[in-house]
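J.: As annotated by TrEMBL, transmembrane segment applies to B:21-50, B:62-81, B:102-128, B:140-161, B:166-184, B:204-222, B:275-295, B:301-326, B:347-368, B:374-399, B:420-439, B:445-463.
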Amino acid sequence: MISTYKLSKTYKENTVLNIDALEIPKGQSFGLVGNNGAGKTTYFSLLLDLIQPSTGSIKSNNIQVNESEDWKPFTAAFIDETFLIGYLTPEEYFYFIGELRGQNKSDVDALLAQFSDFFHGEILNQKKYLRDLSKGNQKKVGIVAALIGNPEVIILDEPFANLDPTTQIRLKQIIKDLAQKQGVTVLVSSHDLTHVTEVCERIVVLEKGQIVKDLETNPETLKELEAHFANATVLTEV
Amino acid sequence: MIKHFISLEWKAFTRSASFKVNLILKILMAFGALAILLYMLLIGVGAYYIIDEYLKKEPLVFVNQILIFYFLADLSLRYFLQKMPILNIKSFLYLPLKKDKIVGFGINKTIISFFNIVHAFFFIPFSIVMLLNGHDALNVSGWVVAMLALVYCNNFINIFVNNKDVVFYALVAVIVGFAALTYYNIFDITAFTGPIFQAFYDRPYLAILAVGLMVLLYKMAFNYFRKNFYLDAGLAQKVAVGETDNMAYLDRFGSVSTFLKNDIKLIKRNKRSKTTVLMSVLFIFYGLLFFSGAVKAYDGPFWRVFAGIFVSGGFLFSFGQFVPSWDSAYYPLMMSQNIRYKQYLESKWYLMVIATIITTIIASFYLYLGWQAYAAVVVGAIYNIGVNSHIVLWGGAYIKTPIDLSSNKKAFGDKKAFNVKTLLLTIPKIILPVAIYAIGHFASGEVLGFILVAVSGLIGLLFKNKVFGIVERIYKAEKYKTLAAYQQKN
């Protein structure tokens, strides 16, 4: 579904991402972990054609993302608050995204109805604009908006950060369902090793822009990752 | 402690991201401020002689008469322009500092504000001139001390009033009401207030009262903030009540309606865009300078078309030049969504056309100033819709200034908005229609001139799709640069 080939991104002389090859098959739940500055968000931004690669390319469904825009109809993402329109109410925002993705109001309403427990009564009908919601609630809106219109690829940057425990557990279930039952390719990045190992079938560890581990998740993965990052901190301290 | 506050203020000023970019703008503003001080100084010196010479009135009595309006107008100006320094103080709350000290510093900072100093530039020279003309020194000093104390009263009142729209509009209503009543000789408020101001001169010891009032208001402003010095009280951001509005009546615009709805919400719900609308309303009256013959330099017939373009095009220019910057806060969303640029542009275009038509209808009062005046507005509107709407969108594509919708900063000008490309585009926007009118005017007369401008506007409509195609290509070509530029918050 998503193939990355000799991709690199360099700012002046500082290479922030360098991936020789990475293949993500359709329907995989894919986790990207790494410390700050490892290149997770850079990779997602390249995948969404928000920045230009210095070399190489990414193909999504055989469409090279920086050449054609045909990947947009089947791709959805929530990276940060720049994906939200602050002066809209959550409902207006959902309908707007729905219209862009060819969904009418009742389609969107039907989807939102499934997430009433996820919203915990704090999103809909609150008479508040998105800019006045708390960070956690903004994130909920962004994540659910990314699910509108049955996308085939969903990209979520740090989806667990800022969320309360109940919502984190519910979100994990949603992501698992998307990949396993609906065949959606889900890309998630996180600092939280427990969450990603629970959710993702495959985990890639980035370090200073390079892939240093590519693991299929099994019961031992969490320990392996913890050991890796524990050593990494020791190494940098020495 | 004060030393720390001052050094932090200085760092905040010099290290803000916009400091270097806006240095030229700041220098221009400094010149503007100097010019205002100079004018005040000139008025302060000259007022005495002018009133004496031309109005044949006792200068001090006359000044005292109009002072009530002076102070009220000052208060409303302050409301609009004077910034409250107390708002960026959040980060001090948890530090081991006495709250009194922080609040005190915040309020004391307003004392050296331009809005206070500027008045001294009127009152002090005026008093000196009075002394030179044989007024008693003790009386004059009583008066001037009282006046300056009243200026500071306004300063502290403004601290309470700040962010309370109701008070502000009430104040404006009072000013307009009193001015109208006085003007029509129904009720002369100055007959009551004049003697009060005069009293400070006649009995200079009364200045104590004004100073006392000032101190009282300072204490009140201090207590007001001290009491509300909590995140959920005085320092809280105002949260607007959000109403979901589906704007079903806009569905008739078809596929464009998706964006049109958003654009209208953008304008309605953000401070910056509301200011833009306000400015375009002011543009409607800009033509009065031309058609009423108030300014002699504007009397030539070609100025009519110039005025007509601006009267009908205020919104078009002030809104259109910042497309797509209005959407800068969520540009990454727009760029990763399935957006057809043509619809996106078309929605902005419709918005400008609708605004231009509404403006033209409102401007029909120009008919009182002769049919030529309104004809100029109407053909100006046609030219704006047909030609300028396209050019403005084209020029906007080169402007990559992120817009902070929630603040009014830079609403009145931005260095980046004036680059060579946009400057070149003003030629077809304004000079071309004036030239076209001139051709018709000289060949036959004003009727042909108006017709030619209108026809060129209609011809411009034919190129709509062509121009949209060009703008779309620019958007695509500049996409990454634009995204990067919008990321840089000020």
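In case you wondered, yes, glycine gets a Cβ from its N, Cα and C as well.
TrEMBL annotations: computationally assigned, not manually curated.
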J.: Can you find at least 3 Cβ pairs under 8 Å between the transmembrane segment (B:301-326) and the transmembrane segment (B:204-222), where each pair is 6 or more residues apart in sequence?
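T.: Answer no, regions not in contact.
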J.: Residues sitting near the transmembrane segment (B:347-368): Cβ under 8 Å, six or more positions beyond its termini, same chain?
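T.: Same-chain contacts beyond the flanks: 253, 256-260, 262-264, 280, 283-284, 287, 291, 311-316, 319-320, 323, 374, 377-378, 381, 384-385, 389-390, 392-393, 464.
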J.: Quick check: do the transmembrane segment (B:166-184) and the transmembrane segment (B:21-50) share at least 3 Cβ pairs under 8 Å, counting only pairs 6+ apart in sequence?
T.: no
J.: With pairs 6 or more apart in sequence, are the transmembrane segment (B:102-128) and the transmembrane segment (B:21-50) linked by at least 3 Cβ pairs under 8 Å?
T.: yes
J.: Against the transmembrane segment (B:445-463), which of these stretches has the most C-beta pairs under 8 Å: B:21-50, B:62-81, B:374-399?
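T.: The stretch with the most contacts is B:374-399.
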